[in-house]
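Peer 1: Let me give you the structure first, and then I'll get to my questions.
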Amino acid sequence: MPVILPGTTPDADIYCLTDSGLCLGRPTVDVVDAMLQAGARIIQYREKEKKAGEMLRECLELRRMTREAGACFIVNDHVDIAILCDADGVHIGQEDLPVGEVRRLIGPDRAIGLSTHSPEQAMAAVAAGADYIGVGPIFATKTKKDVCDPVGYAYLDWVVTHLDIPFVAIGGIKLHNIGEVAAHGARCCALVSEIVGAVDIVAQVQTVRRAMRGVAAAGTDSPQAG
């Protein structure tokens, strides 16, 4: 099984993101601590409303926590903060800096993830040297502003069939549909509100991880290309 991100080899797992606006008033550090207690192996720091100084302080602490837990730590959008906190990688969108420029800044040893919404964008990401791609939004989502229309399973199926790059399925994925997403070949799924908005984050992460692994163990999922 190819790695999902450098340093990780999950067979079927989840990609946890932060969002302080959905975490029921709990500090981001406490939310991530619960994710790690539950065994989450990939954490992305995605905060759209906080100032840079606060984000850096939080990322420095989360980098320490994830390193101690043996988890991968990704910073969304902010290449400078990713470098300053020594994150494992940075995740960027289609309107952010080009992959080549990000690579020049972060060097060869950190991962670059790029959100994609179409086969054309996915192929461009591969050509540009992205280490993994986000595939979605699979379903409608309210956790991200200005997001494009859902791509559904058609694009996910295309990626599984045509590309050999690690990818993360994202967008509107919940406990009730994650099994179906996994059955279409996604071995790593990103969840936001379903995790950070849960009353018991530890139990929720464990439940969702079991659901992912259950599909893989049953052999009902398509082999993921990458």
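Using N, Cα and C of the backbone, Cβ positions are placed for all residues, glycine too.
Here TrEMBL flags 14-195 as domain 'Thiamine phosphate synthase/TenI'. What TrEMBL records for Q44, Y45, R46, E47, K48, N76, S115, K144 is 4-amino-2-methyl-5-(diphosphooxymethyl)pyrimidine binding site. Per TrEMBL, Mg(2+) binding site is recorded for D77, D96.
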Peer 1: Per-residue pLDDT averaged over the domain 'Thiamine phosphate synthase/TenI' (14-195) comes to what?
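Peer 2: For the domain 'Thiamine phosphate synthase/TenI' (14-195), the model's average pLDDT rounds to 96.
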Peer 1: Around N76 (4-amino-2-methyl-5-(diphosphooxymethyl)pyrimidine binding site), which residues of its chain at least 6 apart sit with Cβ under 8 Å of its Cβ?
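Peer 2: Listed in sequence order: L17, Q44, Y45, R46, E47, V90, H91, I92.
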Peer 1: List the Cα distance (Å, whole number) between S115 (4-amino-2-methyl-5-(diphosphooxymethyl)pyrimidine binding site) and D96 (Mg(2+) binding site).
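Peer 2: Each residue's Cα considered, S115 (4-amino-2-methyl-5-(diphosphooxymethyl)pyrimidine binding site) and D96 (Mg(2+) binding site) end up 10 Å apart.
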Peer 1: How big is the Cα-to-Cα gap, in Å, between D96 (Mg(2+) binding site) and K48 (4-amino-2-methyl-5-(diphosphooxymethyl)pyrimidine binding site)?
Peer 2: 14
Peer 1: Can you check what DSSP calls R46 (4-amino-2-methyl-5-(diphosphooxymethyl)pyrimidine binding site), collapsed to helix, strand or coil?
Peer 2: coil
Peer 1: In this structure, which of the binding-site residues R46, K48 has the fewest other Cβ atoms within 10 Å of its Cβ?
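Peer 2: K48, out of the binding-site residues R46, K48, has the fewest neighbouring Cβ atoms within 10 Å.
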Peer 1: Tally every other Cβ atom lying within 10 Å of the Cβ atom of S115 (4-amino-2-methyl-5-(diphosphooxymethyl)pyrimidine binding site).
Peer 2: 25
